Structure formats: structure tokens, C-alpha cells
Amino acid sequence: MSFIKIITIVLFIVAAIGILIVNRNYGFQTYTVNGSKPVENGIWGILGAMVSAAFAFGGTELVGITAGEAANPSKSVPRAINGTFWRIAIFYFSTIFLIGLILSSKQLADLAVIGGLDKSPFVFTLKAAGIDFASELINFVALVAVVSAANSSVYACSRTMMSLCQSGKGPAFLGKNDKRGVPFLQTVIVATLGFAVFFITLVPASEQDIRAGHDAFDLLVGCVGACILMIWTMISISHIRFRAALQAQGIPLSELIYVSPVGVVGDYIAIIINVSALFFSGTATFFADPSKFNIVDFLDAYIILLAYPILYFAYKFTYNTKIVSLTEVDFVTGVQLKRDVVEIEEPPKSFFGKLLDLVA
């Protein structure tokens, strides 16, 4: 499924570059054509869109969950982390940049209001390149992408549920696996709940609500995007504490199998960006133009944020937990240091096997 998505994105990039070479009407002039602006709604527009952007980028944190089941994590996890960075840089940013050179902000806004697959920026670009079956192609790839995302989400959520229940933060029976060591029951529960969410599309919404972005799907996107930003923030806080505990206990970084190339500096930058996005997501429209303030948008942005402190402090006060001091952080139980790693010999792969690994 990843292979299909990557091939389609590569096709799109090639088609977009071909359009820019052949048709001189496209290019950086689309930033200002017909009254468009390079940044249509200024800094507030950027901040207001960051929660939706987080929804699109969500899933990069799954590498930490998969590490527990990787056959050779000392090799596969660093490779996955580095590969994720470059795939985002190449495929996400390049497609966004190319769309901006072909479609003006006014055209993109019109397409967003009209909606429908035929008005997708990808379909518009591919049809401009002479690919008449673009609608069918993107429809197929969108279906594959949904299944792929659902597959990753079911995997991650079932493993998270299992881990929480094994540590006493949920029903004990959901912490057990089957004879193969697979969290089968948890997977069934997660998949069933995920499938049930699709019935939200049956909830009728007026055309006015849809145009204003008040349909159920947009509400879910906002909630999930905010959750992802909170998860990333807690990952950064955990890493800062992790590095501080290493230093407090005199454990050198050379003992680690993988070391973040930007250290805790990247964590502080990430925290600032994530918290800013969470705070301004519901108020960006108000700051940009107070007359456009909408209570529905405000609640969409912030209602999910109440869940985190409620759950955190409810658990903390119920079980009277304390923050572990840096000198007492456990770096022994279940930890494998660099000197203890046993390298697993991987069978040699053919040229096509290596190519498939590189792409998919």
C-alpha cells in the first residue's frame, strides 16, 4: 500500500514539473495572480491551519511503538526514523510547493468550498498534464491511503491498549495476548470502534455548515490533530527528562543505540511550536478578524484539550503518584545498551528487493 502511494506521488511530482516547464503561465506568479497572496491570511492563517496539518503528519510517532516488535531494532529503528524525515521532506513538502506554483490561493479556496474528488488539487494538476483518468486514479489511491492509515492506527491503538492494561491503567483482561503473543481481542475492539466512526458520515449537515467547516469529519480532524500535537509535546518532555536522567546518573550518550542528532534543542523547539498551535488554533480567526469569531470553531478547537488535564490529574490524585526523581529513573529493567546488542544477520536481497525497501 505504501508502494502505491509513493508511486502516485512520484507521478504527480513529474507531472507538475512538466506543467511548469511547458506552461509559462504557472510558477511563482500564482502567488499574486488575481489578488492572491503568498500567505493568504498571514501568520494567523498559518497558526489556524496547524492542527489540520498535524492530522496529516500524524503517524510519525508510530516508530516508537513498532520498536518493541522489531526483529532487529538496533538497525531498523534508526533507519525508520531517518527515512521518515527524508520522506516527509521530499514527498510532503515538494508536493505542497508544486501545488502552490500551479494553483493560486484563490483557486485553492474555491476548490475547498466546492469540494468533491474532481476538485482535488492533485486531480486538477494531473488533468492539466493530460492525464484524463486522474479522478479514477486519485480515487483508488485515496482508498488505498485510507486502508493503509487505518491499518497503522489499528496496530498502534491495540498495542497501546495492551501496554496500558498490562501496567494497571485499564482492565486486566485487555492486557493479555493470545497463544501467538498477538493482542487479538484488543485489535478486534479497536477495529470495531474505528469502523463505527464511519457511521458519523450519515449524520446530515446543512450546506451552510459544510461550507463553514462544521461537519462531523472536520470536528474529528480537529480533535485528532489536537491529540497528535499533545502526544508530540509529551514525547518531547519525556525525551528532555530522559536526557536529564542520563546525565544525573552519569550514563554517557555513547551507551545509547540511537541518539537524537539535535538533542534536547529540537524538543524545546517542538514544544514551542506544538503549544502555539494548540493555543492559537481556535483563536486565530478571532485575532485575524474579530467579526469572524465563531463559537462552534472555538469549541471544536479546545473541547478535546480539556480531556488531557482531566485524565492526568484524575489518575494522579486517585493513585497518589509522584514524579520520579532523575536519579531514580530506571535505566536497567528491559533496557539494552549498545555494548549488549547482538547483531542479527539479515539475508542478502536482490536488486529489486533493495529497491522495494527503499521506496516502500
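Each Cβ is built from the backbone N, Cα and C atoms, and glycine gets one as well.
These figures come from a predicted structure and were not determined experimentally.
According to TrEMBL:
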DOMAIN    2-323  domain 'Amino acid permease/ SLC12A'
TRANSMEM  7-23  transmembrane segment
TRANSMEM  43-63  transmembrane segment
TRANSMEM  84-103  transmembrane segment
TRANSMEM  137-157  transmembrane segment
TRANSMEM  184-204  transmembrane segment
TRANSMEM  216-235  transmembrane segment
TRANSMEM  256-281  transmembrane segment
TRANSMEM  293-315  transmembrane segment
Stretch contact, the transmembrane segment (43-63) with the transmembrane segment (216-235), Cβ-Cβ under 8 Å, 3+ pairs:
yes
Leading contact stretch, 7-23, 84-103, 137-157, 184-204, 256-281 vs the transmembrane segment (216-235) - CB distance under 8 Å:
256-281
Interface check, the transmembrane segment (137-157) with the transmembrane segment (84-103), three or more C-beta pairs under 8 A:
no
I need to check the long-range neighbours of the transmembrane segment (184-204): which residues 6 or more away from its ends have a CB within less than 8 Å of a CB in the stretch?
150, 153-155, 157-159, 161-162, 173-174, 176-178, 216-217, 220
Six or more residues beyond either end and a Cβ under 8 Å away: which residues meet both conditions relative to the transmembrane segment (7-23)?
91, 94-95, 98-99, 101-102, 122, 125-126, 128-129, 131, 137-138, 141, 359
